[in-house]
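*Asks:* Annotations per Swiss-Prot:
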type     : residues : note
CROSSLNK : LYS11    : SUMO2 cross-link
ZN_FING  : 27-49    : zinc finger
ZN_FING  : 55-77    : zinc finger
ZN_FING  : 81-103   : zinc finger
CROSSLNK : LYS112   : SUMO2 cross-link
CROSSLNK : LYS121   : SUMO2 cross-link
CROSSLNK : LYS146   : SUMO2 cross-link
ZN_FING  : 160-182  : zinc finger
ZN_FING  : 188-210  : zinc finger
ZN_FING  : 216-238  : zinc finger
REGION   : 258-277  : region 'Disordered'
CROSSLNK : LYS262   : SUMO2 cross-link
ZN_FING  : 294-318  : zinc finger
CROSSLNK : LYS420   : SUMO2 cross-link
CROSSLNK : LYS437   : SUMO2 cross-link
ZN_FING  : 475-497  : zinc finger
ZN_FING  : 503-525  : zinc finger
ZN_FING  : 625-647  : zinc finger
ZN_FING  : 653-675  : zinc finger
CROSSLNK : LYS683   : SUMO2 cross-link
Amino acid sequence: MMAENNLKMLKIQQCVVANKLPRNRPYVCNICFKHFETPSKLARHYLIHTGQKPFECDVCHKTFRQLVHLERHQLTHSLPFKCSICQRHFKNLKTFVKHQQLHNETYQNNVKQVRRLLEAKQEKSMYGVYNTFTTEERWALHPCSKSDPMYSMKRRKNIHACTICGKMFPSQSKLDRHVLIHTGQRPFKCVLCTKSFRQSTHLKIHQLTHSEERPFQCCFCQKGFKIQSKLLKHKQIHTRNKAFRALLLKKRRTESRPLPNKLNANQGGFENGEIGESEENNPLDVHSIYIVPFQCPKCEKCFESEQILNEHSCFAARSGKIPSRFKRSYNYKTIVKKILAKLKRARSKKLDNFQSEKKVFKKSFLRNCDLISGEQSSEQTQRTFVGSLGKHGTYKTIGNRKKKTLTLPFSWQNMGKNLKGILTTENILSIDNSVNKKDLSICGSSGEEFFNNCEVLQCGFSVPRENIRTRHKICPCDKCEKVFPSISKLKRHYLIHTGQRPFGCNICGKSFRQSAHLKRHEQTHNEKSPYASLCQVEFGNFNNLSNHSGNNVNYNASQQCQAPGVQKYEVSESDQMSGVKAESQDFIPGSTGQPCLPNVLLESEQSNPFCSYSEHQEKNDVFLYRCSVCAKSFRSPSKLERHYLIHAGQKPFECSVCGKTFRQAPHWKRHQLTHFKERPQGKVVALDSVM
């Protein structure tokens with residue numbers, strides 16, 4: 001007997017060591033054959049098979065099988081744990097403590113003190129919910145150890161798998177909610193807009209969009225939000241602002257209160273909940289510490305961080321600093337070179353603006369044999385040259401045959417003109433030297449002076465006044481926002497918006513907005529077209545006549561050239577330039593009726609790079625074929641015949657696919673390409689097959 005008792009005690013001790021006691025489960029379910037220790041547990045288990053849920057919630061009418069589940073559910077309606085910083089409610093202590101750790105990194109030191117207060121609140125709110133057990137009863141109810149498979153099953157996570165996608169979930173309710181994605185069901189429907197959602201929380205968030213109420217208000221700037229999460233993100237902006245934190249601490253010192261701990265900018269929260277409560281409850285403090293975070297003082301725009309504010313263009317221009325990203329990306333020497341190169345390009349554009357004046361000016365030099373020929377003696381008298389710019393008067397050429405220089409007007413020297421072989425570089429600035437010294441002086445010797453000068457940076461990205469001869473457009477249109485350089489052009493532009501055409505033709509009644517357009521139109525009614533007296537050619541308008549007469553030179557020879565000798569001839573141009581008189585000793589005998597040009601002049605025109613035969617030939621093309629209807633002139637009879645189709649309204653070329661007609665064959669062929677299509681094998685339909 002003693003041996004048997006010892007064996008029993010040994011077994012009990014082994015069970016105690018293994019955290020296990022022998023169980024006796026005599027009560028078996030006749031449906032699923034599960035075993036239970038007590039009849040109460042068996043009766044509770046029968047509710048699963050019958051589907052009964054006798055415990056109902058008075059608030060939301062949700063039913064449960066056990067009373068403990070109902071009491072735990074009722075905590076969701078009361079939420080006894082409230083955060084003093086963000087005013088958020090929690091139903092249990094564990095989630096509330098985790099939430100407090102997010103607000104403050106050093107909150108773990110005060111966890112014990114907070115737990116005592118919260119446990120006292122929890123005991124009051126949870127009174128009568130949980131039954132207290134003794135140590136022996138807890139041991140009897142929970143005898144299983146970690147090695148027991150039932151224990152590992154309870155501790156296992158994500159044990160509910162979806163049969164469609166195989167995704168795991170920790171509970172059946174979350175699995176059921178996930179199945180709604182596959183079935184496409186959205187049981188929660190909005191009454192106002194009939195929009196449906198899978199979860200009730202999503203529906204509640206959506207219903208806030210229909211109301212103009214903003215229940216969540218910031219205690220610092222009084223800004224309202226519909227969702228609490230957006231309010232929390234907004235408060236982090238205040239806590240990241242250094243000026244806001246400094247002002248908050250200063251406010252605390254003046255009120256002779258204990259100085260709060262340093263605010264954590266990384267976590268974006270406060271050290272304790274008392275600060276948030278005082279700021280929210282005291283309205284005077286709210287208005288005194290109202291600061292818009294990271295706001296530009298010029299344009300009043302707000303930014304998320306101080307770095308973005310420093311890179312803001314208005315803020316950088318006001319403070320005289322260059323953005324940090326601009327300094328990192330480029331070296332200041334390269335920036336200086338780029339800006340100066342931009343100024344040089346702006347200066348060099350002047351040469352392109354006066355190409356027509358250069359050609360006229362060049363012709364007058366080529367006619368002057370004094371400047372081209374280097375074989376003539378230096379004892380000849382000085383000859384006068386009438387320049388192309390009549391407003392500057394008459395300019396003399398100095399008879400120095402070694403330098404071959406010519407004194408020009410002041411405006412031509414400022415433009416950087418340097419005619420090869422005629423002018424020296426002493427009197428005229430080159431393109432490299434055309435940049436003003438003022439632009440170079442303001443840059444500064446060091447990189448800091450250069451980057452801190454906003455005028456230099458602005459001139460690098462906008463063309464200054466001194467470097468380009470452009471008229472400033474100061475008269476804007478209030479309808480289309482176009483800008484014009486003078487009020488007269490603005491008034492002329494207003495006629496487009498009003499639709500007025502004040503200049504009417506007396507013959508056909510057609511009206512125009514400008515008098516120049518009316519004069520050009522009246523040429524079509526005249527019997528005689530503009531007439532060139534030299535070559536006896538008629539033109540359709542005065543523009544063609546002026547271009548023709550400006551490019552031709554009238555040679556009036558006093559007598560025919562029979563043999564080489566010393567003779568005089570006059571060269572006169574028909575445009576605004578005054579006449580040029582020159583003398584020469586060498587003539588080339590030409591045929592009768594043709595002007596005689598000096599040998600040196602012909603050689604210079606052939607060898608001069610400025611002379612272009614193609615340009616001269618294109619400008620002197622004669623329009624000999626004139627339309628009898630609109631008096632328009634053409635170079636060839638084929639173009640005139642094609643033009644007559646416009647007056648006749650004929651379109652002889654017809655598309656065989658869509659029946660569209662065209663006036664010209666190229667237009668018809670180009671239209672045929674629109675009907676091209678690629679076959680499935682990748683072969684393209686041929687043009688002949690389409691035609």
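Even glycines carry a Cβ here, placed using N, Cα and C.
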*Asks:* Mean pLDDT for the zinc finger (81-103), as a whole number?
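*Replies:* In the predicted model, the zinc finger (81-103) has a mean pLDDT of 79.
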*Asks:* Okay, the zinc finger (81-103) and the zinc finger (216-238): do they have at least three CB pairs under 8 Å, pairs separated by 6 or more?
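*Replies:* Result for the zinc finger (216-238) with the zinc finger (81-103) is yes.
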*Asks:* For the zinc finger (81-103), what does DSSP give as the number of helix, strand and coil residues?
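*Replies:* Helix (H, G, I), strand (E, B), coil: 11 helix, 4 strand, 8 coil.
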*Asks:* Could you count the residues of the zinc finger (160-182) that DSSP puts in helix, in strand and in coil?
*Replies:* 11 helix, 4 strand, 8 coil
*Asks:* Within the same chain, where does the zinc finger (27-49) have neighbours whose Cβ lies under 8 angstroms from its own Cβ atoms, ignoring anything closer than 6 residues to its ends? I mean 6 or more beyond.
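*Replies:* For the zinc finger (27-49), the far contacts come to 65-66.
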*Asks:* In the zinc finger (653-675), how many residues does DSSP call helix, how many strand, and how many coil?
*Replies:* 11 helix, 4 strand, 8 coil
*Asks:* DSSP on the zinc finger (216-238): how many residues come out helix, how many strand, how many coil?
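*Replies:* Final tally across the stretch: 11 helix, 4 strand, 8 coil.
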